[in-house]
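Trainee: Following this message is one structure expressed as structure tokens.
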């Protein structure tokens, strides 16, 4: 069984707990075969797992030479790091107990009831299955793992994992093959092993799940880890949690800064997007305005030209109509039924009489052009002017026929100059144009 005092002398074993599974190199110096004179005893041989035989460097004692086999097999090792409040191993192989518990174990060879429950829980056994002292035959650890090939020849007690075990045999040879059977041991209560009031687990919140640390190798003595999942929350773990919380807080602050930067960038991009949209609208309006002006310009020009043509034609007609023409009294007084007598001073009828004013060849083309221009511009409503009866003051009372058209109409106004307009006997389409 490994002892911490032997580590300082270089003769201790690396295995911890009952049946430490260290190799023969940990047993101390010495050469030779199984009959070597060195005091270093092969601990694998004590566990009946040494496969080196005569090639083993350490001594393989006979059972008669080992006066007290339990002294080497039933010794438990206490964790000194736990006593110094610095044990950070999640699966510590040693017993976590106080210095007083260790001193009491060294004096009496028995563990306190509280520690017995923890050790039994780490081995998957009931506290009643643990040896009560160093004089008892130790438990076969290989059988607990299902690797014991010795059967009835095994020197250690074979206990079932479901706590149906054989009777405890005396001596060192018939532990596994003794006759008779004892009643099966009771199943241990999982809630009894935690010792909550004494350990103070009620004051702590359950810790987060973490990846399990370095486990023991499959061929190593992993059965000696007494407190696999019962490691208390100590100072080292508290410091690790505080450091992790500090790192997480820094990470949160960095993420908040990134979020604020992204929000500011988003606002700038939104402003630029709005500016680009306004510029696109201004460019569209400016490109549409010249086209509208070009479309309206010919229309205005056409209307202006049209109005100018109408005004010019009207001016020509007015100027021609205002030209004085001698009108004889016979033309005004002549009856409709009798032909007018030729005047005495009239010229011989060598040439045909001039046409009436409404049939003047100079005015006719202008009137036709005016009518064509008005008809092309828009469809006006027809306006007819009826002949008007006019009487001439200086002439004697003459009956003027209402049916006969007159050559001209003289209109007078007190405030405006006299203007003469020609009147035709036929209907004339006149359209009022907007000025």
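Using the three backbone atoms N, Cα and C, a Cβ is placed for every residue, glycine included.
Pulled from Swiss-Prot, these are the listed features:
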- 235-281: coiled coil (COILED)
- 12-35: compositional bias 'Gly residues' (COMPBIAS)
- 168-179: compositional bias 'Gly residues' (COMPBIAS)
- 315-331: compositional bias 'Polar residues' (COMPBIAS)
- 340-359: compositional bias 'Pro residues' (COMPBIAS)
- 186: omega-N-methylarginine (MOD_RES)
- 187: omega-N-methylarginine (MOD_RES)
- 1-36: region 'Disordered' (REGION)
- 166-190: region 'Disordered' (REGION)
- 315-363: region 'Disordered' (REGION)
- 36-63: zinc finger (ZN_FING)
- 73-99: zinc finger (ZN_FING)
- 134-161: zinc finger (ZN_FING)
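Help me picture where these features are in the structure shown.
Mentor: In the predicted structure, the zinc finger (73-99) carries a mean pLDDT of 79.
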Trainee: On the DSSP side of things, how many residues of the zinc finger (36-63) fall into helix, strand and coil, could you say?
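Mentor: Counts, helix then strand then coil: 7 helix, 2 strand, 19 coil.
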Trainee: What is the three-state DSSP composition of the zinc finger (73-99), stated as helix, strand and coil residue counts?
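Mentor: The counts are 6 helix, 3 strand, 18 coil.
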